[in-house]
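A short write-up of the structure that comes next.
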Ligand code: HEM
């Protein structure tokens, strides 16, 4: 997929294909998405992480069908986005802006599931300073079903141990190595303290004690209930870091989506139990070392993993007029 074939590939009907929109909307679809994502990230860089996570959470539940975008209704008060597993999910405003721009250029042409897939690619490209780039297979339709219970059943939990993570990803066709690769997305974004509160009492063998007590515990005690903390120690306030500055991988060329997550993992300065857990197993540890040592390889393999994530077409019901509601 890295070769980014421009032509539509011959595949089975219903399978997303590269170049699907080339002959639609005057070939402007991917450009409209890219420009809208760029404007959104120029205004608020943190929206990039939000878009990458939205895409993952869409595709892991019922395939990539835009089901994560549906708002609660009288008939369906608990869609996916109301699930505890979707705590902190954001970036819906960016998807709305992309959809509005596409609807005005060519109504009822581009599905919200495809918008999510393009937006995640474009956000990854922006945040990696072009290091991550790939052709996105497209042509999905949107589902009309969205259930919080489905999200709870399918999405991985931050307190999972490595065996549970491996089987959660295996259920979607991902290898332990691919689990390691996609986890590198935690080099960006932020998390609520409730998502890693268990780590505040984890033993020193599982988390750097200075990081635990002087950074995470302090941040979580301060301010509002359940505040958010940066996923990557690199993005913490420099004065708070104390003796941890030696672990901080500088953002190369300002790119923030990079392999620094793996260096953090090896130094026990990652947020979630699940992040720490993948260092603790033979099936995954060697890949953590591999990607800590080779950022270029990680960029390429992350791109391939996102293409794989984008492949399940999910439901084939409709092209929504707005991403937050089904057409009828
Ligand atoms: C391996 C299993 C995974 C677990 C257990 C997990 C768990 C979490 C949790 C708990 C949060 C913080 C939510 C909050 O408290 O607000 C989070 C944030 C995030 N996750 Fe994951 N995640 C996993 C895999 C992934 C994958 C595969 C991706 C993308 C390819 C991803 C991308 C992100 C991003 C970008 C954020 C930050 C979002 C933001 O700033 O809005 N995660 N994840």
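Backbone N, Cα and C atoms are what each Cβ position is placed from, and that goes for glycine too.
The record from TrEMBL ties 58, 61, 63, 65, 67 to Ca(2+) 1, and of the options 35, 80 it ties 80 to that site too.
Close to ligand 1, meaning a Cβ under 6 Å from one of its atoms, are these of the recorded positions 63, 64, 106, 156: 156. For residue 258 (Ca(2+) 2 binding site), the nearest neighbour among the recorded positions 57, 64, 67, 106, judged by Cα separation, is 57. Among the recorded positions listed here, namely 53, 57, 58, 67, 112, 53 has its C-alpha nearest to that of residue 186 (heme b binding site).
Cβ neighbours within 10 Å of residue 61 (Ca(2+) 1 binding site), excluding its own Cβ and spanning all shown chains: 28.
Rounded to a whole number, the distance between the Cα atoms of residue 64 (disulfide bond) and residue 156 (substrate binding site) is 16 Å. Under DSSP, residue 58 (Ca(2+) 1 binding site) is assigned to a helix (H, G or I) in the three-state scheme.
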